[in-house]
């Protein structure tokens, strides 16, 4: 969605601008006198009319349709604010608790990556709280708010890359358990996190400049920036997450079959290690499922909207587009649950994490750090 607009454009001439003020309603009523929703000085014309006929302009808005648009607009504001507020209420304290518990546990590559994930989730939610309640209004963000807005996206991308690093680490633990200590040194872990953060930064200066200064004037540039943003934000880390989750599941099944063929004494000696690896892998699987459920739907609709924004706006008449915008922002608000739910997943899926949480809450003796 555009964050600012050239002075020669009206606010309702591009996706994301809603009819929510008396001034906008009066302008639309003025357009109705010309039998079209679009001003005469714009090159954008409806390509699909109300009855589904191409090259048919949308009919004039009736008073009832204006009321319905306003109702959809108000409903969108309310439900998006409620959804995002719930994510904040659970996510901010959950991220802090997750970081406290993880830093009190025995140090391992997994706990390091999970600690960085908690920091990234907390930062993304905190920054989002400064701008999210303005994004769904008809007011444009200031330059400072634009910077904060893109800072939110940077840490969202960083969270996705941290999750990808966890999935890779879990695969190495299952597939190459004897090489793990050599591959995942303290230095290697921090270098991989630093590389992930650097990659997360790549598309966002271009995205900020494109939205703040170019404002869809160069559509090829806008499309290129969007593609780069989506590659870094969701496509590459999401692909790594899916691939290494599948590989980990395959090798975990092989390890289970192999343990069934060895003697009971050897199996008993490795039971504790196997139980810990199984808990961590189960936790990873659930976290990946939550990532897919909360992130993929908004990513798909965002790609559709940004790469085909002109077609999106001209595909629907005004009421239908208001409903499309409602779906867009609702999925956007739900995507923040991906950064709010991890602590509760850890408690539900990892007995060791849950026990450590109870030790910290009860102020009892904690695990000895390695």
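Keep in mind that glycine also has a Cβ here, set from the backbone N, Cα and C atoms.
Looking at 227-249, 250-272, the stretch flagged in TrEMBL as transmembrane segment turns out to be 227-249. Over the domain 'G-protein coupled receptors family 1 profile' (92-346), the average per-residue pLDDT in this prediction is 82. Sequence-distant neighbours of the transmembrane segment (324-349) (same chain, 6+ residues past either end, Cβ-Cβ under 8 Å): 1, 15-16, 18, 72, 75-76, 79-80, 83-84, 87-88, 90-92, 94-95, 97-98, 101, 114, 117-118, 120-121, 124-125, 128, 132, 135-136, 156, 159, 279, 282-283, 286-287, 290-291, 294-295, 297-299, 301-302, 305, 312, 316, 357. Nonlocal intrachain contacts for the transmembrane segment (188-207), taken as residues 6+ away from its ends with a CB within less than 8 angstroms of a stretch CB, comprise 109, 112-113, 116, 150, 153-155, 157-158, 161-162, 164-165, 225-226, 228-229, 231-233.
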